[in-house]
């Protein structure tokens, strides 16, 4: 007899109903719950899966390089990055009629193509790639690395080469390795690449393997390094008239602290970036020697944590016992990693446009919008995941005895104060922000716009002025040429910063007003509400007033009947589920704000944002409706254009999103009737009745239906906005 899915759970495999399929999928990655799972096995499976993920990442990036080299226009694009659209890949679609072939044939390519809005062209150009052969070489190298990663994953599952649990739990060695080897040496290698390849290429000097050892990146070579005359490497930087990619106006400096942007490319100075990575490398290589391993130097993390007690004694035992708790909980470690990664991803979104590192990226408007939105959504999903695994930690891994009196138990002890304060903040933000918006809408509707409540963000303007923004004329610190801070900035550090912050063509410290003040608080409401739901879900995961024994029910349970007052919404999973909706709301408001402000800036029409962003109808009419008009005319009875695919995706995204509500607003009886009706029809229809339905149809559980609904809501939401964003921006700016 064939083994039924899932192999990892004999109990589920023998289930005669469709529950077998859904629960099998739901628990396929929950290794801890699988039959015969040992701690040793668990760690090895996760370790091997890391190599699998690395292989997928390298294969994906290899594919990007390969398709651009094969079907792109990289060599043509670098001759005129501001006017030639970069091609991602060709389109070979048998459904295309002549109008579609003509609409999608662009960028001097003989057939239909997709335009690249990922920024890879700018990235590859900045780091010194110049020909299709360079791209092919990179692609083949990454393919080799992907193969190596797959082999490593397989190898480490073999008994002879599989590490023991003690190896995985050697936190000091792992941290030293990650800090020094992964962060430190990779940063050093990257600064080396920038100094030896990218900076010379930006000055018209072609460096490859054939002349790598003979072409000095600096005229003095390593002599200043060994003599301690390091400042020599910062002398004679590229001039303000430097033409990127040529020797015209080029200097010889390789490590600088200029600040601001290259006047032509509007990106950070490559020599500043190289300096940054070298400094990071030194810091991390030193940091990788902090913890005690085989040698009798450095600290034990356990000792550090146990010593962390407040002298006043008012904070209990502080971090006592945390080492064992964290080191023995994969969920705690994953939660910390996801929280860090979420913050970093959001910072990438912010810095990619405000301090753009890649040449000519900021002039590619659609790519800027796509990269910001992409990274903010990813940050949102990662952050919610951090809290989900925090909740699982409290249910599965938290030991009350081992953590008595320390910071973890104290947080649990006063969770009601934390939750109620967060609740108060969200209520305050919600009522006041919505109140201001609605008041302004009423004033607009009643024909008295002068009665709107418009609040200038004076504190934020003061902070911008302190950093050198001149437009507000507040004359404070860097915005006052008579201050000591101003003098220091000109003589000691970042002389280009003030030009950068006051440059109208970049997005560093944009001018803000009442519309920004309101949307800032709307976003703050979203952030605090999402946090409230996630924090409450994690802190109540073990038990709440209504359900003190909640931890015995696990991470996701459907209902425990009306006896406790109805418990359908209080599992930790439900908190995660609700938080994702709020997260999507928040990222929506954030990206709406970023996009609308920038398209008005880029069009020289900033007054539209300033006037219309102070009331809700302004957002609906002048941002959403106005910018979707071209999109929904991508195809109509008279024909189609190159926005047609985005118009179709806009529709498709709405449909997926709306399908989510069918799963979210329904009772279990509805699903039982629906599934039985579907099976009945399936078994009585020619052709489909050839396939026998062996499992008894059982309705989705409440938790399952919510998951399916949430997935459709999220995917549809992202698809809809992606289509809107790319189409509305590319229609205006290419």
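Using the three backbone atoms N, Cα and C, a Cβ is placed for every residue, glycine included.
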Q: Can you dig out which of the ranges 234-260, 369-395, 450-476 Swiss-Prot describes as transmembrane segment?
A: 369-395
Q. Given the ranges 175-199, 200-224, 300-324, which one is assigned the annotation transmembrane segment in Swiss-Prot?
A. 175-199
Q) So which range, 22-45, 46-69, gets flagged transmembrane segment in Swiss-Prot? A) 46-69
Q. Can you check which of 686-706, 707-727 Swiss-Prot lists as transmembrane segment?
A. 707-727
Q: Tell me the Cβ neighbour count for residue 670 (chlorophyll a B3 binding site), meaning other Cβ atoms within 10 Å of its Cβ, over all protein chains shown.
A: 14
(Q) Measuring Cα to Cα, how far is residue 559 ([4Fe-4S] cluster binding site) from residue 670 (chlorophyll a B3 binding site) in Å? (A) 17
Q: For residue 654 (chlorophyll a B1 binding site), identify the closest of the binding-site residues 568, 662, 670, 671, judging by Cα separation.
A: 662
Q: Take the Cβ of residue 671 (phylloquinone binding site) and count every other Cβ within 10 Å, whichever protein chain it belongs to.
A: 20
Q) Which residues, given as numbers and ranges, are at least 6 beyond the ends of the transmembrane segment (330-353) yet have a Cβ under 8 Å from it? A) 42-43, 46, 119, 361-362, 368, 371-376, 378-380, 382-383, 385-387, 389-390, 392-393, 396-397, 507, 598
Q.
Assess whether the transmembrane segment (707-727) lies in contact with the transmembrane segment (175-199), where contact requires at least three Cβ pairs under 8 Å among residues 6 or more apart in sequence.
A. no
Q: Could you give the residue numbers and ranges of same-chain residues that sit at least 6 residues beyond the transmembrane segment (643-665) on either side and whose C-beta is under 8 angstroms from one of its C-beta atoms?
A: 100, 103, 628, 630-635, 700, 705-706, 708-724, 726-727, 730-731
Q: Select the range from 135-158, 417-439, 575-596 that forms the most Cβ-Cβ pairs under 8 Å with the transmembrane segment (369-395).
A: 575-596
